[in-house]
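According to TrEMBL, the features are:
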type	residues	note
BINDING	THR12, ARG16, THR265, GLY308, GLY409, ASN413	ADP binding site
BINDING	THR12, ARG82, GLU83, TYR134, ASP243	sn-glycerol 3-phosphate binding site
BINDING	ARG82, GLU83, TYR134, ASP243, GLN244	glycerol binding site
DOMAIN	4-250	domain 'Carbohydrate kinase FGGY N-terminal'
DOMAIN	260-448	domain 'Carbohydrate kinase FGGY C-terminal'
Amino acid sequence: MSKYILALDQGTTSSRAIVFDKGGQIISVAQKEFTQIYPKAGWVEHDPMEIWATQIGVANEAIAKAGLTAQDIAAIGITNQRETTVVWDKTTGKPIYNAIVWQCRRTADICDDLRNRGYAEMIRNKTGLVVDAYFSGTKIKWILDNVEGAREKAERGELLFGNIDTWLIWNLTGGKVHVTDYSNASRTMLYNIYELKWDEEILEILNIPKSMLPEVKPSSCIYGYTTVDVIGGEIPIAGDAGDQQAALFGQGCYREGMAKNTYGTGCFMLMNTGEKPVRSKNGLLTTIAWGVDGKVEYALEGSIFIAGAVIQWLRDELRMIKSAAESEEYATAVEDSNGVYVVPAFVGMGAPYWDMYARGTIVGLTRGAKKEHIIRAALESMAYQTMDVLKAMEEDSGISLSALKVDGGAVANNFLMQFQSDILNVDVYRPKVIETTALGAAYLAGLAVGYWENKEEILNNWAVDRKFEPNMDEEKRAKLVKGWHKAVKRALDWEKEE
Ligand SMILES: Nc1ncnc2c1ncn2[C@@H]1O[C@H](COP(=O)(O)OP(=O)(O)O)[C@@H](O)[C@H]1O
Ligand SMILES: O=P(O)(O)OC[C@H](O)CO
């Protein structure tokens, strides 16, 4: 019987498991949303045990749905929401605090302190990152400083840190393996992406014992084997990458200058820069794309914190729509947004603004503003934010993009895709398989165990579903973009003024 690859895609709002075949086609999917915990304004947490329970639950469900057993799975690939931080007790395997999510702003003051002490430049030079509450480093420090007894335990070597990939691999292997891959390590703000090692100086400044940190490995290799009790067999875990890097891999962006944009909870544009790390002058991050085929490759990244999440907000908090998909009907029921702009800076703004104190705003309201206009403006905000990032990327790389490959849940929205193409004035390509994050993790795992021979074989699997071409005149585009930038100014620095 032919074998399959299982990808575990642990995202910000749901745990997903997908079984792929050799053609990169989806055989079965299982997905489960889990609890978002907001203990205070600007704070976001997840329960690591719930993450593990939902993830292993959907993994078993996806195998069963496909009519398979663990013996039919050639390898497992892991991909994860990045930066989200778990600290657990090495002996009991129990987390000592909830996972602090990438969106959480609680460590903004630790970041301000790092900047005031003049460390921002050094950190950027070593890690490729902007000092921001987004990354894991200050989240680990917060846990050690605020959970009773944590620092002493950490110093005695009794605690382990991991991003969600590490946490899942630890649990899948029955607490035997404590590893991560280059791409995830590069999001901690503790990893020197040029020398490929944990950075002693930054660890000392943040007062984090090195013994807590996982071993850093390539993104495609065998890390360990699942235990029979969790999934019914000893399956090699052979792929690991942060979800955005996995999507870049899944989209087949293997050559320098190739880029993709993923529209999930947030929106993340990554451009492959090959074996050269490119330093951004325009607020982008330099990050590790992956370690594959014995070499490490880099990417430029524009991170947008809120994208599809603004649609969830319309659904869950404002209760303007019943489902995310419904947003398209409302948006196309009107000609334009009637001058309304939504800036969804709910957790500050990422690239290229990097303002931890920005907050969401709706501007341009008149008596004629309808619900349809607000919904449309919310969708448009994803496209405008992407435009800001793409401009920065073009300036940094010197490459002018003539087309953009897209993926992620929100690309199902045809209105959004057309508006994106109009606002960027480039072609937008939506592939047949939009689950490219999971697909990338599957490819990484499959390559490690010889399921796929090489990247060339994988490239043959990529197929376009629909191409969106720009259809907006320059004058209109310029007017809309000008309005967006005026709106962003209103959102910036908001929390600081208080
Ligand atoms: N048709 C749609 N139109 C707009 N947004 C959508 C649509 N379908 C899903 N979304 C948004 O996409 C996101 C889910 O995408 P997904 O790739 O699963 O995200 P994640 O991996 O971050 O959990 C949600 O935030 C949801 O609001
Ligand atoms: O859960 P996603 O897909 O929005 O991805 C989250 C990112 O990895 C955060 O850096």
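Heads up, the Cβ atoms here are built off N, Cα and C, so glycines get one too.
Taking the features listed in TrEMBL, we show where each one sits on the structure.
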residue	record	Cβ within 10 Å
THR12	ADP binding site	22
ARG16	ADP binding site	23
ARG82	sn-glycerol 3-phosphate binding site	27
GLU83	sn-glycerol 3-phosphate binding site	26
TYR134	sn-glycerol 3-phosphate binding site	28
ASP243	sn-glycerol 3-phosphate binding site	30
THR265	ADP binding site	26
GLY308	ADP binding site	25
GLY409	ADP binding site	20
ASN413	ADP binding site	21
TODO: May I ask which of the binding-site residues THR12, ARG16, ARG82, GLU83, TYR134, THR265 have a CB within less than 6 Å of any atom of ligand 1, listed in sequence order?
DONE: THR12, THR265
TODO: Could you measure between THR265 (ADP binding site) and GLN244 (glycerol binding site) for me? Cα positions, answer in whole angstrom.
DONE: 12
TODO: From the binding-site residues listed here (TYR134, ASP243, THR265, GLY308, GLY409, ASN413), select those whose CB sits under 6 A from an atom of ligand 2.
DONE: ASP243, THR265
Task: Overall pLDDT of the domain 'Carbohydrate kinase FGGY C-terminal' (260-448), taken as the mean - done: 94
- [ ] Quick one: pull the CA-CA distance for ARG82 (sn-glycerol 3-phosphate binding site) versus GLY308 (ADP binding site), whole Å only.
- [x] 17
Task: Under 8 Å by Cβ from GLN244 (glycerol binding site), same chain, sequence gap 6 or more - done: ARG82, THR262, PHE268, LEU270, GLU301, THR437
- [ ] Among ARG16, GLY308, ASN413, these being the binding-site residues, pick the one whose CA is nearest to that of ASP243 (sn-glycerol 3-phosphate binding site).
- [x] ARG16
Task: Residues within 8 Å of the ARG82, GLU83, TYR134, ASP243, GLN244 Cβ centre (excluding the glycerol site residues themselves) - done: GLN81, THR84, TRP102, ARG187, GLY242, PHE268, SER303
Task: Per DSSP, three-state class assigned to GLN244 (glycerol binding site) - done: helix
Task: Rounded Cα separation (Å) that holds between THR12 (ADP binding site) and TYR134 (sn-glycerol 3-phosphate binding site) - done: 13
Open item on the list: I'm trying to understand the geometry here, so how far is the Cα atom of ARG16 (ADP binding site) from the Cα atom of TYR134 (sn-glycerol 3-phosphate binding site), in Å to the nearest whole number?
Closed with: 23
TODO: Using DSSP reduced to three states, classify GLY409 (ADP binding site) as helix, strand or coil.
DONE: helix
Task: Distance, GLY308 (ADP binding site) to GLU83 (sn-glycerol 3-phosphate binding site) (CA atoms, angstrom) - done: 19
- [ ] Compute the C-alpha separation of GLY308 (ADP binding site) from TYR134 (sn-glycerol 3-phosphate binding site), stating it in Å without decimals.
- [x] 18
